[in-house]
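Trainee: Following this message is one structure expressed as structure tokens.
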Amino acid sequence: MPDADRRDVQGKGFLNHMADKEQSPLAGRSNHDGKLSQPEKKLQEAICVLLVELCERFTFFGIVCNMIHFCTVKLGYRSYQAAIVNMGFVGTSMLTPVLVGWIAECLVGRIKLVCICVFLHFLGTALLPVVSFPFEDIYIDRRHVLHTLPKREQKIVFYFALLTASLGIGGIRAIVCPLNAYSLEDCGPKELLSFFNWFYWLVNLNSAVVFVSISYIQQSVARNLGFLIPFVSGIMAIITIHMMRGEMIYKPKADSSLLTTFGVIGSALRTHCVRHHYFSGDVTNWLDHAKENCGGQYSEIQVESTKSLARLFPLFTFQILYRTCLMQIPSGYYLQTMNSNLHFSGFVFPIAAMNVISIVPLLILVPILECINSSCLFSSKDTGHSPAIYIVVGQFSAALSVMVAGFSEIHRKHFPQVEQMLSEEVLLVSSMPCFHLAPQYILLGVAEALVTPSCALLSFRLVPERIRGISMHFLALFNGAGCFMGAFFVQTAHAGTQGNWFPHLLHEGKLERFFFFLASLMMVNTLGFWTIAHRYNKLHQDYTNEFRGSLSGEKLLKHEKAIKHYNTVLESSPILPPVEES
């Protein structure tokens, strides 16, 4: 049985409604050779993929959760610099799966690349504890502390560790556990949205555990020891990949790739420019210039698939600013919490644990949304509403969250300042309890519960099956762009206002102005997407038939080529056959 077919049979175990398709010659094979039966292999593969996914997310959130605190207190960075580093790491971790996926397609085999990425992941998570040495609870005496590093070498190792860890994360996400590995091809819109809802529910539950445990260890118990937890999580992921390396590596179909998509766009642009200067255009869409019957070099299916993907570009574009707002949790919101009173009944509340407040709404809303989806959203093909309405409401909630953050910053400054000890550093902070910041976290959590699963559904459903992986890659590209745009906004706000809009010491600046500016942009972004949301209502249209209606053009092109070839043969042949010489 071919490898692609074997993968398709194994992946069907994720969905109950696909049980009828799980029969194959391998399923009835006897197990006298000691191998697992087909259902057992599928169950083991599903568990293994899920474990790798959770371990990777555990590692990622463990690195991110207290990076600003580590950069400001231990490395001596300014607040805006720490925020830029954090958003840059998150954005890089979103872009590396696309890069690694391209390398796997063109340069290196998938198995070999997995081994390289696993090593990089292990190296990055192992170097982070080196940066955090010395441990305050492990020393010889007060004057001789173990493993001291100068600041310059510490920063070099820190950046190298972040780079290698992000490359490893990208390889694991792109090759070992992409969404296509869950075999969602035959799912309808309702089943897809249900999958994405519970998938992100599980990921956020995992992140809640990370934010509570690691943040407390890093801040209160053994501050720097928290970086060892991502290291241990990386080892777990490596062991899981090693156990099932030959069975869980997803192999995409060879007829679609990022290079083909970019090639179609490039060919269409070149042909369009040439025809614009020398000929009059006669195509309905500029991407049609890439078709073979219009002077291009790509087939009808490839161009039509790219056109369906191009229709999603407005959706992706409107996600950039939303992702920028979402990145305020590990940057602007984190700094607000860090500069608020963390003491609660004699207990020092971990800074990163405030992220759990944004996760709780998602954990509560998912079961409620499942009921709404069944009763209203997908009740009928004709009267049902598109999940695009969820994106509109979610983006509005994100804009409202950032606006509330601005008012909370004004409210925070009205409280008198007090001294607060963080990692043996005395900071001058507001006496306002950090729980007063809860509304902005809750609103952003509601936004994430509504936007992310719905956007993933539209990106996966509204394109043909053959390019769904490419569509998810483009969504990751635009999400990563949102992270880097957030870093650009922070740098610009700090430089353009001489540190007033994004100050190092919040009580000396006007951080609320930065929040109000971002909220205004997000409100305009929400209105813009609302005007085009109707484009993404046709969820029940069958995109998996590879544009059967448009294949007539490709068939006609083949007939034209055959006729041209036949005419060439006739022209090169004499009208009458030669007379045989006797």
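These residue numbers are counts, starting from 1, taken along the chain as shown.
Every residue, even glycine, has its Cβ placed from backbone N, Cα and C.
Sharing the features that TrEMBL gives for it:
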- 84-104: transmembrane segment (TRANSMEM)
- 110-135: transmembrane segment (TRANSMEM)
- 156-176: transmembrane segment (TRANSMEM)
- 198-217: transmembrane segment (TRANSMEM)
- 224-244: transmembrane segment (TRANSMEM)
- 347-368: transmembrane segment (TRANSMEM)
- 388-407: transmembrane segment (TRANSMEM)
- 441-462: transmembrane segment (TRANSMEM)
- 474-494: transmembrane segment (TRANSMEM)
- 514-533: transmembrane segment (TRANSMEM)
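Could you give the neighbours, burial and distances for every feature on this list?
Mentor: Away from its own ends, the transmembrane segment (84-104) comes close to residues 60, 63-64, 67-68, 71, 77, 110, 113, 117, 162-163, 166-167, 169-171, 173-175, 178, 257-259, 327, 330-331, 469, 473, 476-477, 479-484, 486-487, 490-491 of its chain (Cβ-Cβ under 8 Å, at least six residues beyond either end).
Under 8 Å from some Cβ of the transmembrane segment (388-407) lie the Cβ atoms of residues 315, 318, 322, 325-326, 328, 332-333, 336, 369, 437, 439-441, 443-444, 446-451, 453-455, 458, 512-513, 515-516, 518-519, 522-523, 525-526, 529-530, 533-534, 536-537, all in the same chain and six or more residues away from its ends.
Note on the transmembrane segment (441-462): residues 179, 184, 189, 192-193, 196-197, 199-200, 204, 308, 311-312, 315-316, 319, 322, 325-326, 328-329, 333, 354-355, 357-362, 365-366, 369, 387-388, 390-391, 393-395, 397-398, 400-401, 404, 468, 471-472, 474-475, 536, 538-539, 543 of its chain, located 6 or more positions outside it, place their CB under 8 angstroms from a CB of the stretch.
Listed as Cβ neighbours of the transmembrane segment (474-494) (distance under 8 Å, sequence separation of 6 or more from its ends, same chain) are residues 80, 83-84, 87-88, 90-92, 94-95, 97-98, 309, 312-313, 316-317, 319-324, 326-328, 331, 455-456, 459, 501-503, 514, 517-518.
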Trainee: Short question: most Cβ pairs under 8 Å with the transmembrane segment (156-176), which of 110-135, 198-217, 514-533?
Mentor: 110-135
Trainee: For the transmembrane segment (347-368), could you work out the same-chain residues 6 or more beyond its ends whose Cβ comes under 8 Å from its Cβ atoms?
Mentor: 65-66, 69, 197-198, 200-201, 204-205, 207-208, 211-212, 214-216, 218-220, 329-330, 333-334, 337-338, 434, 437-438, 441-442, 444-446, 448-450
